Amino acid sequence: MEPQSRSRPPSTLGTPKMSSRPRTLLSAKTPTGLKSPPLTTSHNSNTPHEPSSLGSMLAPKEGGGSVKLKIKSATTPEAKSRVLVKPLGARSPAPPPVPPLPTSTPGSKRVAPSPFTAARGLNINGLSDEWMSAPIDTVGNNELDSAFEEYDHELGQTEAVLVSVRVRPPNATELRTDSACIWTMPEHDQHIIKLAKGTEGTREDKDWIFDRILPPHSDNGGVYGTSARRHVRSAMEGYNAVIFAYGQTASGKTHTLTGSSAEPGIIPLSITDVFAQIRATPDREYLLRASYLELYNEAIIDLLSGVELQLSETKKGVVINGLTEMAVRTEDEVRRVLRSGEERRKVGATDWNSRSSRSHCVFRVTIESRSRNTIVDEGPVGARTPGGRLKAAGDKTTRISTLSIIDLAGSEKHTSSKERNAEGKHINQSLLTLKLVISKLADLASKRNVTHVPYRDSKLTRLLQNSLSGDALISVICTVSPSALNLAESISTLAFAQGLKRVVLKAQKKEVVDPHALIQQYQTEIAELRAQLREKENGGDAVTSSKGEREKNDAMEKRLNELRSMILTSVNVTSPDPNNQSMVVPPSPAKMKYPKLDFDRSAAELQEALHAEQLERAELEDEVARLRAELATRPLEPDAQLVQLQNEVSELRLIADDYERHLREPSRKVREDVEKEFVGKIRTLENQLDSKKIWANRLDENIRHVTAENKMLQMRCTEAEAKVSQIFEWINAALSPMDPTPETTETETPIRHQPLPTLVVSNDDFSPSMTANTKSTLTLSASKMRATFSQMDLANFNSKFGTLTVGGRGKGGYMGGKMLREESGFDLAEVAGDDDDEMF
Ligand SMILES: Nc1ncnc2c1ncn2[C@@H]1O[C@H](COP(=O)(O)OP(=O)(O)OP(=O)(O)O)[C@@H](O)[C@H]1O
């Protein structure tokens, strides 16, 4: 599947605009001629409005925050990994109780966690249409809040970075091949994860400890409660918050963040929660803006305009120029922003995930809020109203914060697609830099000497720079696969998660007095429009004016309504109605009741009226909730069930076809590649075998030849040895005494009288290979020898030849001839040297 990249003109998503140049913050003119803030903004570093920068997108720097983090000391490394960090702001009086999410209806059915079946295809990367068009009562649930009270309590003392690990349930293929999950998570301790005993490749029996382990059966509602809710609510209170998912491809990041219509993920749940918070906070008013960007192959693409954006660095941190921000008033509008971005997002099939996120995506909501007691000083125009000058009463500060939810592309191995590999290289590179940055930050937190944190090595780390350097509360959900096949990647994910645990943050509440805050500008403009309209009414203009004047008045009214609808309060924020596609928010019940508001009414009167409306509204909401619950529990008509089943079947067929196509294609390619590689290898090996065989034959021949020669030499040796024995016999005979000495007595042994032998020795006897002309023969006469020896002084002979005794066989005597020659240097030729017998 090719990445989907559709370029469309920026969608306004139904957000009212006043100008054809909506991207300039102060360019749109109101009918009054005053500069008016647009409802869709696009920021750059030059605009005065702080959250325009990416720096502010992930962690705006504005304002001197008053709230710091308190860090409890930890001594052991394990304890350090669980350092608890608590915003001091948490000490302030508790906010009013937050009502449950919109589905909090008595008796409403909790959406069952979806069984993991990839084939159902409900969970796709990016926001599916299903989620975007899902009725709101599937997006939250009653039990979600109550089920996680415990966590809320714990999260009051939160960690520096909240790190959770989620184990994906095994998919159909994994169930078929290696059914067992390699991870174990003790039920009694939801902070520990370890490898199951006997897992191949297990090096150590290590307990990994994190803030929360989310086992395969956990559902997105639970994950939201443990790992996101606190951050979303902190963002509503003025802290920058970042939530991101990290993990290998197909480990469940998108499922966790986006989810499906059956099991909405963190993004939809947090949107619902944001609006629920507004409804639950009557004393504040809010302005929300949404933006959506992706980082694809190191390029930053604004998903709402399709334009590539550049980063720049300012004193306030890293900023992104020209990012589109859409003002949003309802959950439906946020969904539309997301859907519009999703259409441009790069998604492709990999060998492991048929819809893999090929880019890092950042969805951000900028939240501005002010106390509702703040009344804007109307300036020169307001001064002319009958009500006189309105004084600012109470808190004038604006809280500006961002909630960023980031779906990182998954790290992955080499795939069978070239394009996927090119993307994978960028993805892996940026994730590697992220790991390095985290490890440096962890070292910094441990007071190790760190000279440089390589934020600049990838755009991802530059995007995250402001947040990672401590200006945001961060929650990371690390997702791992249950399969043994992904063991190495999962261990690497856990190691990354451990590094995160050591990073220390210094998030501060962003509370500033900022005349450029958009909410402030809107309020100023609202006050001006109201004053102008009132002035006209009082002057009787409405009755007498010309057609042109009336049109001008209508335009002013329209603009006033638009602006007022942008300022969200507990009263005008409604639960989204899927049937209502109208872009214009209908007039509030208060407006219907008081078509012409009397601005001179006291604040107390207004408050009273407001509370009456709120009561009425609460009753109506209860009624709506009751009806919704009734609808949810009403059984489906059989026909409707049939149609639903048929739809599911055809959906499954499509998905199965898609899977088959994607599974078959890579495996065929892989087989061809392997075959090609192995045919070459086999050919080389066969050639090598042939030459080895030739060489072995030659060797055999040589061995035969050498064996024959060896035999012949042995024969020769035997013959030579026989000859040597003869020589020694001859020598013995020559040297044995024969004649009686004159002093011999009768008792002495009689002397032998034997004829002395003559021996013919040829050098051919010892060297058969001699040529004819080098052959010689020596005739040795024993009698001559004896004569020679008899003339010798035997004593001298003995001293010369050591212990040699003539005719003796003792030590130093001849020993088989060989010894005699080697040890004594006795030389046959020397013995025969004086022999003047015949030499031939
Ligand atoms: N907790 C879960 N429960 C049920 N299904 C899940 C769960 N986690 C993941 N899945 C399924 O696994 C498949 C892959 O998940 P997902 O697309 O979320 O992975 P990913 O990490 O975002 O992958 P990539 O990085 O390639 O985008 C999807 O079909 C998804 O529905």
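Any Cβ shown, glycine's included, is placed from N, Cα and C.
According to its DSSP assignment, K253 (ATP binding site) is helical. The ATP binding site annotation in TrEMBL covers G247, Q248, T249, A250, S251, G252, K253, T254.
According to TrEMBL, the feature coiled coil maps to 519-566 (among others).
Annotated coiled coil per TrEMBL: 603-662 (among others), in sequence order.
TrEMBL lists 696-723 (among others) with the feature coiled coil. Note on the coiled coil (696-723): its mean pLDDT in the predicted model is 90.
According to TrEMBL, the compositional bias 'Polar residues' annotation covers 1-30 (among others).
Taken from TrEMBL, the feature compositional bias 'Polar residues' covers 38-55 (among others).
Residues or ranges marked as compositional bias 'Pro residues' in TrEMBL: 93-103.
Residues annotated as compositional bias 'Polar residues' in TrEMBL: 572-583 (among others).
Under the heading domain 'Kinesin motor', TrEMBL lists 160-503.
As annotated by TrEMBL, region 'Disordered' applies to 1-112 (among others).
Feature annotation from TrEMBL assigns region 'Disordered' to 572-591 (among others).
Using a 10 Å Cβ-Cβ cutoff, T249 (ATP binding site) registers 24 neighbours. Proximity to ligand 1 (Cβ under 6 Å from any of its atoms) holds for these binding-site residues out of Q248, T249, S251: T249, S251. Within 10 Å of the C-beta atom of A250 (ATP binding site) sit 25 other C-beta atoms, taking all shown protein chains into account.
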